[in-house]
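Below: one structure, written as structure tokens.
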Ligand SMILES: [Cu+2]
């Protein structure tokens, strides 16, 4: 579903966060709204400086308008409904119909103007995380600008001075607004499109929610006990795969706007961290890894050559982050025979199930009855049986025949005969 809304500046609806030129104050560009969670391969830039666009996992890139040498975007802060995975929708806040909001892509040296309309029930602001910009454009409500009141539109103007990967998020009632899903990615491409070239360039944000099973609105005061660990507000099996062609140079840019660190791990390949929020890592300072920790408020760009065919797991290495909503208060039952007591419980609670004596895999297989609008803890199913994963998990799918620019999921890998682990 793609819809467009038109916005014209009404008298008095425009207040500058800093210096607003007359050209910028004349009209506001239309804002594109996208409400689905499909991965949209961006079109090549229709105007402005050339660049190789990124692919936002389960997301999209905002269109812009060129006006008198300025690249103009329009973000609308508003409540959104986000499907976390088939079977569960969350009531979140985001931008332009989505949480996260659309990725903003510009080129080093671009003069960028961003209109921000507040359709939330409370004031907001946007901070442009990692950017070099005039202090009054930094978006810290109360410090560098007044809050954007409900119903008003502010404008931010600055030059994209440094190439790299950045993020945007509110700097007003941060706890609520980020816990509700307000964030987005920002890519400043190098002025020379041949620099830092990758064949596939993906981006996503690490975030997390605490949504009571059966409800849809996150508990915004949760500090540590989140139950949905998401990439771009999606959980496995709802996270798109990363399809690559064998031999491709692949870059994955990962920003963390959750409340804890995430060791991001790839199978079958080794990568180097080639970028942080601070810029590109010099070649002499890179080393090979298969896991890199992305701390809160950090971005890491990893790069590797997709040399080996297959469906390679790509996930956070914290076990509980590759699970969906789970009861944390469940005691460990491994090795405990509780069948006798279960007989007594079943007289009172007919649905009670004995589980956990042999581990938690039972829970993946059993598909227990769960409330509406809740995902099973472990919910995937693959060609070889149940996948005991949820949360921050997906697959890098390396194929011989994945065409350049094709980001459709190629299906499950067909292993050459004799190349799969088997019973001895
Ligand atoms: Cu994690």
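Using N, Cα and C of the backbone, Cβ positions are placed for all residues, glycine too.
Unlike curated records, TrEMBL annotations are generated automatically.
What TrEMBL lists as domain 'Plastocyanin-like' is 86-191 (among others). Mapped onto DSSP helix, strand and coil, the domain 'Plastocyanin-like' (86-191) counts 9 helix, 48 strand, 49 coil.
Counted with DSSP, the domain 'Plastocyanin-like' (216-331) comes out as 7 helix, 50 strand, 59 coil. Summarising the annotation, TrEMBL assigns domain 'Plastocyanin-like' to 216-331 (among others).
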For the domain 'Plastocyanin-like' (86-191), provide the mean pLDDT of the predicted model.
97
